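> Have a look at this one before I ask anything.
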Amino acid sequence: MQKPTRNSWSKTMAKLLISIVVMQISTEVSGSGLDPIFKYIDEQQNEFVQRLKEWVAIPSDSSEPQTWDEVVRMLNVTADKIKMLGGNIEFADVGSQKMSNGQLVHLPPVILAELKKDPKKPTLCIYGHVDVQSAKKEDGWTTDPYTLTEINGNLYGRGASDNKGPVLAWLHAVEAYQALKQEIPVNIKFIIEGMEEAGSNGLDTLTEQRNMTFFSDVDYIVISDNIWISKKPALTYATRGNCFFFVEVEGQKQDMHSGVFGGSIHEAMTDLIALLDSLVDSRGRILVPGINEAVAPLTEEEEKRYQGIEFDLEAHKKDSGVTKFLYDTKEEILQHRWRYPSLSIHGIEGAFSAPGSKTVIPRKVIGKFSIRQVPNMDPSEVEKQVTKYLQKVFAERNSPNQLKVTMPIGAKPWVANVSDPQFVAGRRAVKTVFGVDPDLICEGSTIPIARNFQDVTGKSIIMLPIGGADDGEHSQNEKMSRSNYIQGTKLFAAFFYELSQLPQKY
Ligand SMILES: *[C@@H]1O[C@H](CO)[C@@H](O)[C@H](O)[C@H]1NC(C)=O
Ligand SMILES: *[C@@H]1O[C@H](CO)[C@@H](O)[C@H](O)[C@H]1NC(C)=O
Ligand SMILES: *[C@@H]1O[C@H](CO)[C@@H](O)[C@H](O)[C@H]1NC(C)=O
Ligand SMILES: [Zn+2]
């Protein structure tokens, strides 16, 4: 125990030190540092839009191997840009993929890059992807998807928001510091892939292989591959996982005529419909025992967070064309999109689906459904729970047909600690650029990369989106607004600075 006098002295010293640190931080923030950078970004904005136009013009659609050449071309262009910023590049080979016809096709590589390193600075690793979803004018685009077109302040083009715009914004943030001969306050690494829209094949293995090398000195990982939920900037701290199921019911050896066999056999389709109907009730509640019990309880802090989120329910209703939701309040709706599991039935293979009224009894049908995963669900437990439950429901039907339940995909949810220093830096950077506090949001969909990075590297991860709520990622007329693109570039530049201001471990 210290003597009281000494104790109060050290308290005073501590207070003094804290106030000095606070003073220093505030002079730097309001001082010269970021303003010239923001000015540079504003001045260069037409140039930045032009570069995005060049990137969007490369149709780097990763969905089919036929266009992987374009993906590689896009990766080459990206690597060239990083080289111009002084980065060291490695094209990491991630092997081949076996196609459904048995053919082995070499996968596009993954870019691992690093700018000049200073051991005194923290290291930020930026993840992004430069492949895109397929797009054709005939799909209903107003403009050519691969010709970036500006209309009313919006930049339309495939990849503008997902994810070429954000990747370029990171590169331009680096460029801005360099152009003004300002030292970048953090060390920067890039991991840029070209297969994200097709399942990031090979990336998990690469992450594991490079955990002790490329990732070993990384302090923070940032992902900007999602969008806000309103006009307000947001930080994303969680994504749901997904378990995808096939439930197969096999009856006779061949399809049958309902006029001949109808009424005398157990029909596979009838069994399947009963099975699918047993999964979820009309209120959206999952009926498989054990699922709801596993869900982490809503904390008071979390509940408060939901109340503060800017989300216009009426506009959301109108935009989505939904006349009535399962829940009435903004909070309930967002919670059920983000932090509770949901079960959706996607389709039936083997069903007679052509137009017309053929009276067939299909011999074998495969129902497809998925359950979005949230903490503390465990996909391998979910697989057991669903299989056991469907077997029970099926057994009660006394059907002689064959049931098979499989789960080919089991992706875990990701959730970050919102008190993590990276979120502090993100919040401050948003405040500096946009003058508001960001909303803390989640993604109802699955972005497996965050969970994979978390599981393998154990590093701090944040999602720092710059895309607007109505960017239409994956759909027709994808866009990013010029304002989001340019302000987003500033946000990234400010984020470098704010990360360097966090108490460091060195
Ligand atoms: C990409 O760059 C590599 C060399 O770095 C080259 O061999 C290859 O031909 C380039 N591919 C395309 C499609 O531009
Ligand atoms: C990856 O490396 C980190 C140290 O940087 C270590 O803590 C972690 O356990 C490693 N992960 C695996 C899967 O080996
Ligand atoms: C979250 O992060 C804060 C700050 O680093 C830490 O104090 C806290 O223990 C963390 N919480 C959990 C659940 O890990
Ligand atoms: Zn994306």
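Using the three backbone atoms N, Cα and C, a Cβ is placed for every residue, glycine included.
Keep in mind that TrEMBL annotations are predicted by a computer and have not been checked by a curator.
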> Check TrEMBL for me: it has Asp162, His474 binding Mn(2+) 1, so pick out which one of Glu114, Glu197, Glu208, Glu443 it puts in that same site.
Glu197
> With His129, Asp162 listed by TrEMBL as Mn(2+) 2-binding, which of these, Asp69, Asp219, Asp225, is given for the same site?
Asp225
> Name the residues of the same chain, 6+ apart in sequence, whose Cβ is under 8 Å from the Cβ of Glu196 (active site, proton acceptor)?
Ser62, His129, Asp131, Asn163, Asp225, Ile449
> Between Glu197 (Mn(2+) 1 binding site) and Asp162 (Mn(2+) 2 binding site), how many Å separate their Cα atoms?
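It is 10 Å, counting Cα to Cα.
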> List nothing but the one residue from His129, His474 whose Cβ has the fewest other Cβ atoms within 10 Å; the candidates are the binding-site residues.
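Comparing Cβ neighbour counts within 10 Å for the binding-site residues His129, His474 gives His474.
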> Cα-Cα separation of Asp162 (Mn(2+) 2 binding site) and His474 (Mn(2+) 1 binding site), in Å?
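Just about 8 Å between their Cα atoms.
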> Under a three-state reading of DSSP, tell me whether Asp131 (active site) is helix, strand or coil.
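Once the DSSP labels are grouped into three classes, Asp131 (active site) ends up as coil.
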> Find, among the recorded positions listed as Asp131, Asp162, Glu197, Asp225, the one whose Cβ has the highest number of other Cβ atoms within 10 Å in the structure shown.
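Per the Cβ count, the most surrounded site is Asp131.
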